[in-house]
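Q: Below is the structure I would like to discuss, written out as structure tokens.
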Amino acid sequence: MENLLNEIVEEVITRVKKEAFIEVEASGRHVHLSREDVDKLFGEGYTLTKLKDLSQPGQYACKERVTITGPKGSIKNVVVLGPCRNETQVEISLTDGSTLGLKAPIKQSGDLEGTLSIKISTQYGEVELDKGLMVAKRHIHMTPKDAEKFNVCDKEIVEAKVMGQRPLTFDDVVIRVSDSFKTYMHIDYDEANACGYSKGTVAKIIKKA
């Protein structure tokens with residue numbers, strides 16, 4: 001009887017979390033490559049090797065790794081995400097920027113205006129980007145249905161209280177709504193460390209007045 005009650009309580013808690021909270025994911029440094037740059041880094045016509053699917057539909061981590069280099073230093077074994085994009089983009093944390101000797105701007109993914117140059121290399125080749133290095137702005141991917149439920153809209157800026165081991169309210173969180181998304185909040189590892197993130201951490205949206 002006690003086990004049954006515990007199962008019921010756990011199910012109720014899970015349902016409440018899904019209704020009121022959003023699951024948080026921490027994203028490490030990574031690279032999105034254009035078709036042209038895949039050819040330069042791995043060879044003409046090379047196909048990236050899918051390693052595992054990510055939470056967002058159609059997105060996946062690849063087996064391939066690259067090195068990124070700035071004026072002060074390099075970071076090896078940076079994961080490549082697929083599929084290919086129109087333009088190459090490198091997403092790092094502010095701490096990574098210190099290692100590289102670069103103060104990368106905080107930008108939304110895909111907005112390359114004002115981003116920095118960076119070198120990407122493998123044992124087969126290298127690419128010198130004129131732009132593309134950024135720190136990703138913290139954001140929430142959201143389905144239209146969930147956007148309606150949480151009463152938010154695409155590109156809206158909200159606060160989000162992350163219930164990690166050290167609960168923390170983040171300001172300047174951008175909502176991104178699309179039929180192609182699953183609902184997750186994305187932060188980088190600097191932010192994850194600040195709030196004591198662990199797998200299963202959730203966040204609550206706080207609407208701005």
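Residue numbering: from 1, along the chain as shown.
Placed from the backbone N, Cα and C atoms, the Cβ positions cover glycine too.
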Q: Determine which of His32, His186 appears in Swiss-Prot for the same Zn(2+) 2 site as His139, His141.
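A: Among His32, His186, only His186 appears alongside His139, His141 as Zn(2+) 2-binding in Swiss-Prot.
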Q: If I go by Swiss-Prot, which of Glu64, Glu91, Glu113, Glu126 binds Zn(2+) 1 at the same site as His30, His32?
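A: As annotated by Swiss-Prot, His30, His32 share the Zn(2+) 1 site with Glu91, chosen from Glu64, Glu91, Glu113, Glu126.
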Q: Using C-alpha atoms only, work out the spacing between His141 (Zn(2+) 2 binding site) and Arg85 (phosphate binding site) and round it to an integer in Å.
A: 18
Q: Which binding-site residues (Ala26, Ser27, His30, His32, Lys72, Glu91) fall within 10 Å of His186 (Zn(2+) 2 binding site) by Cα distance?
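A: Ala26, Ser27, listed in sequence order.
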Q: Residues near the Zn(2+) 1 site, His30, His32, Glu91 excluded, by Cβ within 8 Å of the Cβ center?
A: Arg29, Val31, Leu81, Gln89, Val90, Ser109, Ala136
Q: Where Arg85 (phosphate binding site) and Ala26 (CoA binding site) are concerned, what is their Cα separation in Å, rounded?
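A: With the alpha carbons as reference points, the distance is 22 Å.
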